[in-house]
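The following feature annotations were taken from TrEMBL:
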DOMAIN    A:40-247  domain 'Class II aldolase/adducin N-terminal'
BINDING   A:120  substrate binding site
BINDING   A:138, A:140, A:220  Zn(2+) binding site
ACT_SITE  A:164  active site, proton donor/acceptor
C-alpha cells in the first residue's frame, strides 16, 4: 500500500487512496519478452532518440498508453540507458491528471533509490485526454529549438506547405494525413521555469489549434503525439525533418509557405 | 486466389485475373537464408538508408527486380523496421505497369492487416521498363529537397562538373561511368499531390534526358536506379554526395559547372 | 617496486617512494565483470564520445575517481579502442597533483610498451581537488572550439540564458541545477603549448568563477566535471548542446542572453 | 603462374614474370583470426570510414604495408562491404611502382570475377617509397573537397595554426608531432581525369613540401599516410577535423593562421 512505501507521499485524508502494487505484482507490469511491450519499447526508442540528438542530457522522452495503463520513463536520468525496471506505471483515467511530485496514484514505482517520475507527466496527459493519443514524444531537438528562435518572438506558430514530408503528419495528430498542398501549422508556446507549468499553456494551444499535430515550446523543444507509438514516432520524424528544413529555408531566405 | 483473400480487391470481370500465390508458396518467394536475397536485402538496405536520413518518417524505399519478380516494401510503415514477411512480390512484365490501389496482379501480398504496396510502384516500374534497371531507390534526402529549393523554381535540372564523385555515376544510370570533366545533369520535375501522379512526368523526363541517372522531384526527393542493387546504391551515394556539395557550393556562391 | 620496473623513472632520494603494484595485484585494480567499474566504463564512454566527435584523433578523454583511486586513459592512443588493461591507476590525494612525465606515484602502469599517462592528469586533478568531482571529461568538440573562435579573442566567457538545456547543468558542476531563467557562464582560458601548462590557468578560472560547471580552452576544447560519471556525462551533453546552439545563434545574429 | 590465370594480363616477353600465388597459398596471405591482420583491418577500417562519410559511393580506401607485402582494397566496390577474400596483395619493392591495369606483379588476386585492384595503387606507393609509410588512407571527405573549393583556385596549400588538433599531425606524416604554435601546411594539387595520372603530381608535391603529412586533391579528396595504420588513422582524423574547422572559419570570416 502506498502509505507503507518510504518514497511515496501519504495521501491527504480527503483524497481517495489507490492501491499501489508492490514486488512481483508491480514487476509483472514491466516484464515481458515481447520487444513491443511498452516497458521494452520505451527503452529501445529512447536509445534511438538519443542517437537522433532528441534526448541528450536526460532531456525529452516518450510515454506510451497501453490499455488502461500509462508507461513513463523516469526524470533526470540518461534516457539511452533506461532499463524496463526503471519504468513508472500509472492507471489511465481521463479525469485525473497526476500531479508532479505526488506518486500517490502510481501503480508501479521503481525501487531504485532516487528515481522520480517524468516532470512531463501532465503534458503527456494532455495528449492522452485531449487527443485520445496512445503515445506522446517529447524532444529537445536542436531543429525544433532553433526554429522557434529563427521565427522570432512574435511568431505564434510555424507554418509550412508544399513539402512531401507534410504527408506523414495527421490532422490533430490522430486524424487523416495532410496533403502536399495543405499548410501544416504547429503552434509555439512560451517556456516556463518548471516543466509542469507548461501544462495549461499546452492544453490551451491544443484547443485553439485543433488540427495541430504537435506543440512547439520556445527555447525548449516539442511535444508530438499519435494514436499509437508507431504513429507518434512517424510524425516525430516527419515534423523534425520539417523543422530542420524550415531552419535551412529561413537561413537561405526562402519562403516557408507557397511554392515560389 | 485473389478473390478469397480479404485484403485484395476483386478484379472486375473484364480484366484477366492472375494467379496470386497463397501460404507456403507465397512465403517461399520471400524466405531465404541468403543475406543478398531481395527480401532480406530490402530490409537491410532500408535500415541503412534510415541511418543516412533518406527514409525517415516512412518516406522513400527501394525496389529490387530479381529475375522475373519485383520485390517491394510496403507503404506508410517505418522503413527501418520492415521484415521479409512484409515484402510484396509482383511478376515483372514490360507491358503492365501495376496500378496503385489494385493488388490484383500481385504474386504475394503480406498477410499482416493494413499493409499496402508502395505508392512508388509505378515510378519504380519506369526505371525497370525505360532503363532495364535491376533496382530503384527513392529517397527524401534533405540534400535532394533543399537543392531543388536553392536552385529555384525556374531550374529544370541540376548540373555539376569537375567533381571526383561524378565518376561514380553512369550514363543513363546503367551505361558507362561519367568522367571527371563531364557535366552531370539531373532533371527536376514538379511534385504532384499523389505519388502515382508523378509517373508520367518522371517517364517524360527520362525520355527527354536519356543520359540522366536519376530524377529529382522538387520539394519531395529523388529516384535513382541501376543495373543491380549495388549499382543503384553506389549511384545513390554519389548523387546524394553531389546534391549535398551542390547545396554548400550554392550557399557559398561557388559556380557548380566549370572549375573556377 | 617502482625502481624495478623498466618504464618507471627512479624517484629522487629526496622524495618519498610509493609502492607501485605489479602483476596480478595491479591487474585486480582494472579487472571486473561489472560494466560500471571505472576501467570498463572509461572504455565504453570513450567509444561513445568518439561517435559524438569529442575524442577523435586521440584527443580528449575521461578520468573517474573511484573511492581512493583515480582511473585514467593513456595519452596519444585511439580513445575508441582503449581496453581495460590500458588503464592507469593513481592513488587519490588532495595534496599531491601528479606531475606529467613522472609515473612514480602510480599504483598501476599498463605493461604494453609505449603507453603514457594522459597529459590531462593535472587538469583532471583540478576538478577532483577544487570541486570534489568524481569524474572529469575533456573533449575537443568542434562546437566548443568554434564557439571560442566566434566569440572573439576578447571574450573571457560564454554566457547564455533562456534555454531549457541550461537546467541540466549544475552550479559549479556539483551543486544544484540551474534554472531556465539563470544565465549560464563558462569561462574561457587561453591555450598553452603543452597541455599540463593549462593547469594553473584552469585552477585560477575555477576560483574566479566558483559557479562555473566547465572551463573552455580557446582553440582547444573544454573540461567538464561532476559528482559522478553520470553527472559529468549529462553536463557534458547539455553543455555541448548549448555550445552548438550558441554557435548557430551567433551565426544567425541572435542574442545569447535574454529572450528577445 | 600468372599466365594461367584468366583475369591476369600476360606479361610481355621483355619483362620479368613474377610468381603469382594460387589457391591455398594465395589465401594464406589474407586469412587470419587476428583482427589486426591487414586483410581484416582493411575491412574493419573501411566500414568505419564509410560511417564517417569518407568512402561512400566506392570512393577512397586504405592500403597497409605489412613487412614485405602491401594489402589493397579492390576498386569500384562498396568499401563498407569488403571481405578479406576481396583483398589484393602485392610484394613491396621501393623500385617498382605497380602500373594500374597490369596485375602481373600481384602475389594474390581475388578470384571473384570483376574485382580490379585500386586505381590508387601508385599513389599509395608514393607514400610507401617517398615517406617510408606503413599505411596510406585516401578519402573523399566533403570537408577536404569543400575546403579546396573555398580556398579558391589560386591556393596552392591549406595553412592553419593555433589549433590543438594540429598536435596530432606529424612532420612529413612520419616524423615528430607538430606543436600548437606551428603552422600546418597541406599542399593542394589539381585533379586529373584518371586517378593514376595524379601519381606524378602527388610525388612532386611531396618533394616540394617535405614537412607535409598529406596531399589535398582539388575537387577530389585527400591522401594521408603514417608509419603505421594507427598513425595514418589518427592523422586522418586530426586533418579531417582541421579541414572541417577550416571550412567553418572561412565561412565565418575568421583567419586560419594566427590567433586573432
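Heads up, the Cβ atoms here are built off N, Cα and C, so glycines get one too.
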Could you check the binding-site residues A:138, A:140, A:220 and say which one's CB has the most other CB atoms within 10 Å?
A:138
Near residue A:164 (active site, proton donor/acceptor), how many other Cβ atoms are within 10 Å of its Cβ?
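Other Cβ atoms found within 10 Å: 21.
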DSSP on residue A:138 (Zn(2+) binding site), three-state: which is it?
strand
Return the member of A:138, A:140, A:164, A:220 nearest to residue A:120 (substrate binding site) in space, with distance defined Cα to Cα and candidates limited to these recorded positions.
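Smallest Cα separation from residue A:120 (substrate binding site) among A:138, A:140, A:164, A:220: A:138.
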I'm checking region-level scores; what's the whole-number mean pLDDT for the domain 'Class II aldolase/adducin N-terminal' (A:40-247)?
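Reported value for the domain 'Class II aldolase/adducin N-terminal' (A:40-247) is a mean pLDDT of 94.
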Name the recorded positions, out of A:120, A:138, A:164, that lie close to chain C, meaning a Cβ-Cβ distance under 8 Å, keeping sequence order and answering 'none' if none do.
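In terms of proximity to chain C, the recorded positions that count are none, since no Cβ is under 8 Å.
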Applying an 8 Å Cβ threshold (strictly under) against chain B, tell me which of the binding-site residues A:138, A:140, A:220 fall inside, in sequence order.
none
I need the CA-to-CA distance for residue A:164 (active site, proton donor/acceptor) versus residue A:138 (Zn(2+) binding site), whole Å please.
23
Specify the secondary structure state of residue A:220 (Zn(2+) binding site) as given by DSSP, simplified to three classes.
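In the DSSP reduction, residue A:220 (Zn(2+) binding site) maps to coil.
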Could you find out if DSSP has residue A:164 (active site, proton donor/acceptor) as helix, strand or coil?
helix
Run through the Cβ atoms and count how many others sit within 10 Å of the one on the residue listed as 'substrate binding site'.
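The residue listed as 'substrate binding site': 24 neighbouring Cβ atoms within 10 Å.
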